[in-house]
Amino acid sequence: MRRLAPVLRQDGVDTDLIALIKTILAACKEISFRVGQGALAGVLGSTLDENIQGETQKKLDVLANELLKDMILETGVVKAISSEEEDNTVAGNPQGRYLVTFDPLDGSSNTDINSLIGTIFSILPAQANLDAADPAQFLQPGTAQLAAGYVLYGPSTMLALTTGKGTRLYTLDKTYGGFLLTQEEVAIPSVTAEFAINMSNQRYWQPGMQAYIGDLLLGKAGPRGKNFNMRWIAAMVGDVHRILCRGGVFMYPTDTKDPNKPDKLRLMYEANPMSFLVEQAGGASSTGYQRIMDIQPVDIHQRVAVILGSKHEVDSCLKYHQA
Ligand code: AHG
Ligand code: MN
Ligand code: MN
Ligand code: MN
């Protein structure tokens, strides 16, 4: 089985970028070890703090954030980082060629039940004309991403990675200590009968999404003419991993549950990197009205509606959004 670095070299990835990805993965290996130790390492449970997103931080959110931030900034090739758990961007080397955004721990509510969680990251080019402390340097559309990936802390620790040459899956070999290529080319089936959405928010959705899910639930008797199955892991990283493995559609639509927060998922830390991985695997990703990777960000912490996965099913959902 092939190691990560030779695969990236073969894909023509820049040496500094390979070193940066390896550093992110070194932090993830450390997180994987701590997650694996669970209560033995005293890493479960919450802190008394709230993050910029208005969420109570879990101990693992903070630990993962600190590990990633410190190790990434130490590389010297990174101009600044932006994280779900940081109020502001953090400046690195003014000469650094890269910017890194990350969701240090996705699926925080799964930490205390020994269920799926992960780390999501995205690498953007640094902007020569902007200061290392300027958050505006991060306001680039998802199409500008140089690399994106996630590490899933599951029964196996797995990496999904794209540098724009397809999406590949790697598995952490804990005896050797590195990630080995276990699926060279991910191809999401374009047709599916599986959807993922938090159904408890149904009454808060917009009419288009209500109508779409309503038709899926009618199954064979409805206009779709087939029965659908549902899955919800409550960690986007787990739901997207399932979609990369066997197809499906994942949605976190706009809702009116909290008028101050119509969308849940974060563009820079969740939606953009996942969209890059999904598109590179032949899937689609949209807000319902626009391709996610075409969005021009206006704020590092901005949120978006997300509909991603099997192409035909995403297209079916989009039809319900046309007025
Ligand atoms: P995070 O743990 O990084 O804050 O993200 C949680 C997100 C996402 O991973 C998941 O799909 C969604 O929240 C779960 O939402 P519900 O609480 O509605 O199930
Ligand atoms: Mn969170
Ligand atoms: Mn998340
Ligand atoms: Mn998170």
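Each Cβ is built from the backbone N, Cα and C atoms, and glycine gets one as well.
Binding of Mg(2+) 2 is attributed by TrEMBL to ASP103, ASP106, and within the candidate set GLU270, GLU279, GLU313 the record adds GLU270 to that site. GLU84 is the residue from GLU66, GLU74, GLU84 that TrEMBL records in the Mg(2+) 1 site together with ASP103, LEU105. Within 8 Å of the Cβ centroid of the Mg(2+) 2 site, not counting the listed residues ASP103, ASP106, GLU270, the chain contributes GLU84, PHE102, LEU105, GLY118, THR119, ILE120, TYR150, MET236, VAL237, LEU265, ARG266, TYR269, PRO273, MET274.
The two recorded residues GLU270 (Mg(2+) 2 binding site) and ASN198 (substrate binding site) have their Cα atoms spaced 17 Å from each other. For SER108 (substrate binding site) paired with GLU84 (Mg(2+) 1 binding site), the C-alpha to C-alpha distance reads 12 Å.
According to DSSP, SER109 (substrate binding site) sits within a helical segment. Residues within less than 8 Å, Cβ to Cβ, of SER109 (substrate binding site) and separated from it by at least 6 positions along the same chain comprise ALA234, ALA235. Ranked by Cα separation from ASN198 (substrate binding site), the binding-site residues GLU84, ASP103, LEU105, ASP106 are led by ASP106.
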